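Copied over from Swiss-Prot:
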- 1-24: region 'Disordered' (REGION)
- 7-23: compositional bias 'Acidic residues' (COMPBIAS)
- 55-107: region 'Disordered' (REGION)
- 132-194: region 'Disordered' (REGION)
- 191-214: region 'Involved in GSK-3 binding' (REGION)
- 232-274: region 'Disordered' (REGION)
- SER243: phosphoserine (MOD_RES)
- SER246: phosphoserine (MOD_RES)
Amino acid sequence: MPCRREEEEEAGDEAEGEEDDDSFLLLQQSVTLGGSTDVDQLIVQIGETLQLDAAHDRPASPCAAPGPPPPQVLAALPADKTGTPARRLLRPTGSAETGNPAPPGAVRCVLGERGRVRGRSAPYCVAEISPGASALPQQPGLDGPPGTGKLSTPQPLSGPCRRGWLRNAAASRRLQQRRGSQPETRTGDDDDPHRLLQQLVLSGNLIKEAVRRLHSRQLQLHAKLPAHPFLGPLSAPVHEPPSPGSPRAACSDPGAFMGRAQLRTGDDLLVPGS
């Protein structure tokens, strides 16, 4: 029937209009703003309305535990004579907390100073652990209260943790063995200079190896040199006196040399004496 369809459509439109009206906040009377005190009172009223609407329509947060109710807005403080704006105070009710306290270690949501009204100042749900026993598991290495710091016997690992630990231990043991046997392989691989150079570059001991070889070569050269009496330190050279029969002594002291020499005549030849 066309009449019934029209009535049903009108009823559906009215229901949708009522739902739309419920989703908006309408002011029943106009307010004339005369000063900062009126503005603060209007803000407090809007906050109360939004808080009640949010608590009535929206379900509780998934991370919220059955704990204290949302904080209630106290009456606004009256402005003083100088005209400074009044501030609103937020305080959770103590009777609800004492009657139904949250269990120790429970996680609850902290939405900031505006209670459950989520704005730019508190847009996220911050998890807070209530005082009491910690919700986290106790560390296996500590025994007793956290403040004592007593060590307990470590429990053996099981499953994939044990396999990963054994794999890491075996890898570290192989690495230590490789580092310990590195000097032996170095002495055996002296015949291959390219491989030795590659190992030194990868290990970062190229400069140390060069200094060690230079020092050992210098020691070998000092060991091969013969012990000469005239060799001495460069800072204090040794000057030996010239021998009496050397031409250097004759040039330095010709009178003494001629006095020491004795001439012998024989076969018309001059022979210097000894």
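Note that Cβ sites are derived from N, Cα and C of the backbone, with glycine treated the same way.
Keep in mind that what you see is a predicted model, and the values were worked out from it rather than measured.
Per DSSP, the secondary structure of the region 'Involved in GSK-3 binding' (191-214) breaks down as 20 helix, 0 strand, 4 coil.
The predicted model assigns the region 'Involved in GSK-3 binding' (191-214) a mean pLDDT of 85.
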